[in-house]
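Asker: This is the structure I want to talk about, given as structure tokens.
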Amino acid sequence: MCDKSKENLRQIKSYVQRAGRVTKKQQQALDNYAAKYLIEYAKDRKLDFTEIFANTNDVVLEIGFGMGGSLVEMALANPAKNYLGIEVHKAGVGNILYEIEHQNIANLLVMSHDAVEILENMIADQSLASIQVYFPDPWHKKKHNKRRLVNQTNIDLFAKKLKVGGVFHYASDWLPYAEEVLELLENDSKYRNLYSGFAPRPEWRPLTKFEKRGQNLDHPISDILFEKI
């Protein structure tokens, strides 16, 4: 892909910033807990994970955590890992801030900004143990496919930020999107499939709202796990 095409893809957002309803509890969490658990975007600042988490544990990045329920569950189940979640919608950010405070979660921090810009400008190369993208917007219409978060440009970006041996984990209930991602990764020499084709659903991945909705619609659930080599 030429540099100009890559630049055009970077400028296309994978999300639409909607003014969704924020509950009183969520707004109070945004007002009261953002200073403690929400990292502000700063283009010229690289995150020092040892400093912000106060340990040297592996860091897992989740892009698009929604309301945050599954990410909270994973952080609580894995106290020896650090989790950084990215979500652009205020309701989800407020919800997870409330949970972090009231469940006293020490290994989870969040950001609310474009994930690609965070990765490009604030995440050091080879610093992440895992990148998780669960049930991203599939942008069903062909004319909107270019908005999909997981494309070749971003797969290249993920590889830069993952440590050698780090894992990219993608899950979707939209098979055409999952097949596209699988093909891109299978043909990328920077990655190795940890399974043959799609992975079995990991028991440790919590059930999400979008996964439940997909199951109710009889959509097949696809997990993909690739290791950076």
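Residue 1 is the first one shown; counting continues down the chain.
Cβ from N, Cα, C; glycine included.
Feature table excerpt (Swiss-Prot):
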- Asp137: active site (ACT_SITE)
- Glu62, Glu87, Asp114, Asp137: S-adenosyl-L-methionine binding site (BINDING)
- Lys141, Asp173, Thr208, Lys209, Phe210, Glu211: substrate binding site (BINDING)
- 143-148: region 'Interaction with RNA' (REGION)
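Quick one: how deep are these features, and who are their neighbours?
Answerer: Note: Glu87 (S-adenosyl-L-methionine binding site) has non-local neighbours Gly64, Phe65, Gly66, Gly68, Val93, Ile96, Val110, Ser112, i.e. same-chain residues 6+ apart with C-beta under 8 A of its own C-beta.
In the structure as shown, the Cβ atom of Asp173 (substrate binding site) sits within 10 Å of 22 other Cβ atoms.
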Asker: Please list residues from the chain of Lys209 (substrate binding site) whose Cβ is under 8 angstroms from its Cβ, counting only those at least six apart in sequence.
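Answerer: Non-local contacts for Lys209 (substrate binding site): Gly66, Met67, Gly69.
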Asker: Just to verify a number: CA distance, Asp114 (S-adenosyl-L-methionine binding site) to Asp137 (active site), in angstrom, no decimals.
Answerer: 14
Asker: Cα-Cα separation of Asp137 (active site) and Phe210 (substrate binding site), in Å?
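Answerer: The separation of the Cα atoms works out to 10 Å.
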